[in-house]
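Trainee: Please see the structure below; I have some questions.
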């Protein structure tokens with residue numbers, strides 16, 4: 001190995017007194033003092049959440065107000081900390097969404113277990129579960145932190161959807177061209 | 001002593017104490033604000049008192065400035081749980097905060113804060129006790145404050161406070177010498193007077209018609225040594241060896257909480273204020289500013305007090321500015337700086353000015 005000798009210059013008299021260095025330091029802090037604060041005053045000011053942020057997982061409805069989840073349970077299987085529990089349920093024959101066949105009867109996400117990895121969103125074939133921009137989460141009890149289906153839909157809302165997969169399926173069925 | 005005279009003296013003392021205590025409380029706020037702006041934060045800006053904080057326009061502004069914060073801090077010190085560890089030496093544990101606090105408050109009695117014209121037409125200092133040994137009194141009494149720290153560290157009967165106390169004593173001894181020696185040329189310069197008022201008034205004139213005749217102009221080295229020693233004496237960064245929270249938890253006050261900690265805390269800031277006052281009087285011309293003669297009467301006195309107050313405030317700000325600029329010295333560096341640099345420098349300084357003053361008096 002080649003060794004490189006670094007030359008260490010002896011300190012000059014001015015440097016030995018430390019005073020010029022202290023003055024330089026004071027100048028730097030004074031410059032900082034004159035700058036505006038860089039902090040956000042949190043509860044009043046909120047940070048801008050970039051798109052693609054992995055916040056609290058939520059369930060969304062399609063623009064027609066139909067719940068998108070078909071309780072395939074893929075998210076439940078993929079969830080690394082096993083935070084999701086789905087109880088599948090049938091859709092009644094009378095409903096106009098009867099052709100979808102299934103919907104979750106209960107959909108629970110235990111937010112005390114969730115690690116915000118986003119696998120559920122990635123694996124969902126129906127684009128029904130999204131990690132949206134909610135980043136501050138708190139509660140008074142453990143029970144409260146297990147999010148039920150109702151709450152998940154409430155915080156999820158509706159997201160734009162270009163596929164209308166189940167709508168098209170119904171149209172095809174009605175025009176005698178069902179695709180199974 | 002007549003009764004009215006006595007009452008007047010007590011009133012003056014009470015005014016002085018409340019002003020210094022108020023200054024100490026607001027120095028804490030200033031420290032937090034200075035720390036905040038240097039670090040790019042807004043600092044304390046939420047504390048709000050009902051009614052006062054609700055006045056339109058003014059209320060929000062003073063809330064943003066954090067002017068109610070000292071009250072909140074003080075209330076916290078008063079009402080927090082007062083921990084009393086089982087393993088301490090109770091008497092000294094209780095005594096230590098008082099011993100740290102009292103000298104800081106005592107030194108201010110010899111600190112003149114302004115001038116007024118007496119009925120006889122002469123200038124007189126606004127001071128509680130115009131002692132002829134003024135600065136000696138300050139040096140002697142303020143050094144007693146370190147006993148509070150040592151006692152606090154020792155009586156807490158645990159490792160870190162003990163180390164903090166030991167460091168405080170070693171540092172005090174090392175820097176007290178350089179401090180005293182750096183002041184001797186100042187006294188020689190002003191004809192051997194130790195009276196703070198005489199020294200401040202001696203800096204009233206102009207040098208060559210434009211330079212303020214402040215001691216710092218004649219004796220920059222004395223001023224520097226005194227300032228560095230002052231930092232060490234008041235345990236401010238970069239010399240806060242007794243506390244050094246990175247290696248000693250909280251140093252001497254690790255086992256203290258609530259009001260007892262508050263006494264240490266206020267004592268430190270009172271110490272800083274009184275030290276700044278002494279520095280201003282000795283080196284920065286006290287209440288004198290060049291080209292200005294104060295008018296007689298109450299207006300002149302008010303002006304002199306405000307100028308003095310402003311200079312002290314600027315120096316207190318400098319203390320804080322340094323704190324958030326320089327990192328803490330290592331312990332051996334503190335010792336080396338004290339004994340190997342400042343002390344020889346102070347002696348050389350003393351010899352130089354002794355010869356210089358002798359020469360000036362010869363010719």
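We number each residue from 1, going along the chain as drawn.
Each residue, glycine too, has its Cβ placed from N, Cα and C.
Relevant sequence annotations retrieved from TrEMBL are reproduced here:
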- A:69, A:72, A:75, A:124: [4Fe-4S] cluster 1 binding site (BINDING)
- A:79, A:114, A:117, A:120: [4Fe-4S] cluster 2 binding site (BINDING)
- A:57-89: domain '4Fe-4S ferredoxin-type' (DOMAIN)
- A:105-134: domain '4Fe-4S ferredoxin-type' (DOMAIN)
Trainee: Is it possible to list how many residues within the domain '4Fe-4S ferredoxin-type' (A:105-134) are helical, extended or coil according to DSSP?
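Mentor: Result for the domain '4Fe-4S ferredoxin-type' (A:105-134), in helix, strand, coil order: 5 helix, 9 strand, 16 coil.
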Trainee: Near the Cβ of residue A:124 ([4Fe-4S] cluster 1 binding site), how many other Cβ atoms are there if near means within 10 Å?
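Mentor: Its Cβ has 19 other Cβ atoms within 10 Å.
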Trainee: Starting from the [4Fe-4S] cluster 1 site formed by A:69, A:72, A:75, A:124, give every other residue of that chain whose CB sits within 8 Å of the mean position of their CB atoms, in sequence order.
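Mentor: Output for this site, in sequence order: A:70, A:71, A:73, A:74, A:76, A:86, A:120, A:123, A:125, A:126, A:128, A:129.
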Trainee: Can you list the residues of the same chain, besides A:79, A:114, A:117, A:120, whose Cβ falls within 8 Å of the [4Fe-4S] cluster 2 site's Cβ centroid?
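Mentor: Everything else in range on the chain: A:57, A:75, A:78, A:80, A:81, A:83, A:84, A:109, A:115, A:116, A:118, A:119.
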Trainee: Which value does the mean pLDDT take for the domain '4Fe-4S ferredoxin-type' (A:57-89) in this predicted structure?
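Mentor: Mean per-residue confidence for the domain '4Fe-4S ferredoxin-type' (A:57-89): 89 out of 100.
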Trainee: In the domain '4Fe-4S ferredoxin-type' (A:57-89), how many residues does DSSP call helix, how many strand, and how many coil?
Mentor: 5 helix, 11 strand, 17 coil
Trainee: Rank aside, I only need the closest one: which of the binding-site residues A:79, A:114, A:117 has its C-alpha nearest to that of residue A:124 ([4Fe-4S] cluster 1 binding site)?
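Mentor: The answer is A:79.
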Trainee: When the number of other CB atoms within 10 A of each residue's CB is tallied over all shown chains, which of the binding-site residues A:69, A:72, A:117 has the maximum?
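Mentor: By the 10 Å Cβ neighbour count, A:69 comes out on top.
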Trainee: Determine, to the nearest whole angstrom, how far the Cα atom of residue A:75 ([4Fe-4S] cluster 1 binding site) is from the Cα atom of residue A:120 ([4Fe-4S] cluster 2 binding site).
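Mentor: If we compare the Cα positions of residue A:75 ([4Fe-4S] cluster 1 binding site) and residue A:120 ([4Fe-4S] cluster 2 binding site), the gap is 4 Å.
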Trainee: When you measure from the Cβ of residue A:79 ([4Fe-4S] cluster 2 binding site), which residues in the chain that are at least 6 apart have a Cβ under 8 Å away?
Mentor: A:119, A:120
Trainee: Determine, to the nearest whole angstrom, how far the Cα atom of residue A:117 ([4Fe-4S] cluster 2 binding site) is from the Cα atom of residue A:69 ([4Fe-4S] cluster 1 binding site).
Mentor: 19
Trainee: Given the binding-site residues A:114, A:120, and counting only Cβ atoms in the protein chains shown, which has the most within 10 Å of its Cβ?
Mentor: A:120
